[in-house]
Amino acid sequence: MRSESWWQRRWRPTWQTVRVSRRERWESWSEGPLTVGALLFLVAYAIPIIWPAVSEGVRALASGAVALTWAMFGVDYAVRLMVSEDRRRFFLGNLFDLLVLVLPLLRPLRLLRLVTLLSVLNRTGAQGLRGRVVTYAAGGTALLVLCGALAITDAERGQPGATITRFVDGIWWAVTTMTTVGYGDTYPTTATGRVVATVLMVGGIALLGVVTATLASWLVERVTEANEAEQAATRAQVADLSAQVASLETLLRDALGAASDPSPPRAPGRLGAPGQDADSAGMLGPLSPA
């Protein structure tokens, strides 16, 4: 195996940084067009399902829009793969995006093209902050209900014994399924419909968990803020009381020191001077002359 030259070892980190920044710039630039393309795909996919009596021209236009959005995501995946330094790591870390491209090629799984929308949400949601969780969860819930209604209507319409034949039936079924109510008045009868039902059940549980966790986090944050305010006030009161106790200790120490000294205070001065008592002068005796 040929070893790297000094020049390659010296400049390899710089080239890695350049390539990573190129991929980041591409992802930042392509996020907007891919979001528009995903919404275009949703409209194009929904038109023949919501209005089954549309003309063949409209159906052909909708099919062309679906193919265009698939091509957009294909180009995005190819560009990100090419500008990645570690392509194997990129491949293993972006299997979801690869499924977006592969699943539309399988005709029995045509309705799973709706995963294109989830790809955009996955990229955007991964960069979101905790403050956006509620908005993201609400948008994801509405999108999942809409996609589930479209998918189940597309799968069940025209099948023998189907109870979901209209888009409004699909909306009602998607809502009752995601909320785990399940009245039983509408239910899937095909294998594809049961797959859609399973996805909605799992998605509903996941979104409910996100909402519950977000609410619990908000409540804990509020309680923590209130406790911190109370603790700050308590600490201020304790500091004030400590200062008062220290002042009282000083006064008490001074008072005890004064009480323990029995001799009265004497004025300073020379012997025989005013302020010196006669007993003290007599005890010392007369001073000898110099």
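All positions are counted from 1 along the displayed chain.
Cβ coordinates are placed from backbone N, Cα and C, and glycine is handled just like the others.
TrEMBL does not curate its annotations; it predicts them automatically.
These numbers come from a predicted model, not from an experiment.
So that you can see what the record holds, here are the features copied from TrEMBL:
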type	residues	note
TRANSMEM	32-54	transmembrane segment
TRANSMEM	60-79	transmembrane segment
TRANSMEM	91-113	transmembrane segment
TRANSMEM	133-152	transmembrane segment
DOMAIN	143-220	domain 'Potassium channel'
TRANSMEM	164-183	transmembrane segment
TRANSMEM	195-220	transmembrane segment
REGION	256-290	region 'Disordered'
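Mapped onto DSSP helix, strand and coil, the domain 'Potassium channel' (143-220) counts 56 helix, 0 strand, 22 coil. Across 32-54, 60-79, 133-152, 195-220, the stretch most heavily in contact with the transmembrane segment (164-183), judged by Cβ pairs under 8 Å, is 133-152.
Listed by sequence, the residues of this chain that lie at least six past the ends of the transmembrane segment (133-152) yet keep a Cβ under 8 A from its Cβ atoms are 42, 45-46, 49-50, 111, 114, 117, 121, 125, 164, 167, 170-171, 173-175, 177-178, 188, 193, 196-197, 199-200, 203-204, 207, 210-211, 214. Within the model, the domain 'Potassium channel' (143-220) carries an average pLDDT of 86.
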